[in-house]
Amino acid sequence: MEQSELMVRRIKEGTVIDHIDEGKGIQVLNALRIDGSDGSLITIALNVPSGKFKKKDIIKVENKFLKDDDTNKLAVIAPKATINMIKDYKLVEKRRVSLPNEIDRIFRCSNPDCVTNSTEHIESIMDVIDKEGRVLKCRYCSRVLDVNQLKYN
C-alpha cells in the first residue's frame, strides 16, 4: 500500500482527533466517554506511523463534536493532539488542544479526605500549576495530582 493511501475511511460529519500520543487512544476514548452507545461510528487507529512523531493514535467519531470540557480532558491526556471538525467531508476547523489555567468539574481529587469527595457535592477545581509538565493541584486540599491516575467525574 502506498503511503498516500488512506488507512481508514473519511467521515462526513464529526470530529477527528489526530496526533494523540502513541498508546493513549483508548484512554482518550474512556475519558471522553466515547463508546458508540449513541450509534456513532467510531474509528480508532493505534500506532500509526507519523512524520512528526514516531507513532501516533487517531480517533474519528462521526456525528460528534467536542465540548470545552472534552477539549480540556484531551489536553491533559494528549497535549500534542489536534482536533479537526469535519462537515460534508471537509475540514471546517482545526485546533490544537491547550491546557487552561484551571479545570472545573472534570476530574476528581485523589485525596479521599478532600471536601470534593464528601457528601456535600462540591465541584472540583484543579489549578494547572505546570502546563508543560501537565501538573494539576486541587484548589481545596492542595494535593498535586498525577495526570496518569486521574479519575473523571
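Every residue, even glycine, has its Cβ placed from backbone N, Cα and C.
In Swiss-Prot this protein carries:
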- Cys109, Cys114, Cys138, Cys141: Zn(2+) binding site (BINDING)
Query = With the Zn(2+) site defined by Cys109, Cys114, Cys138, Cys141, which remaining residues of that chain have Cβ atoms positioned within 8 Å of the Cβ centroid?
reply = Ser110, Asn111, Asp113, Val115, Thr116, Asn117, Ser124, Arg139, Tyr140, Ser142, Arg143
Note = Densest Cβ environment (other Cβ within 10 Å) across the binding-site residues Cys114, Cys138, Cys141 belongs to Cys138
Ask   = Once near-sequence residues are set aside, which residues in the chain of Cys109 (Zn(2+) binding site), 6 or more away, have Cβ atoms under 8 Å from its Cβ?
value = Thr116, Asn117, Ser124, Met126, Cys138, Tyr140, Cys141, Arg143, Leu145
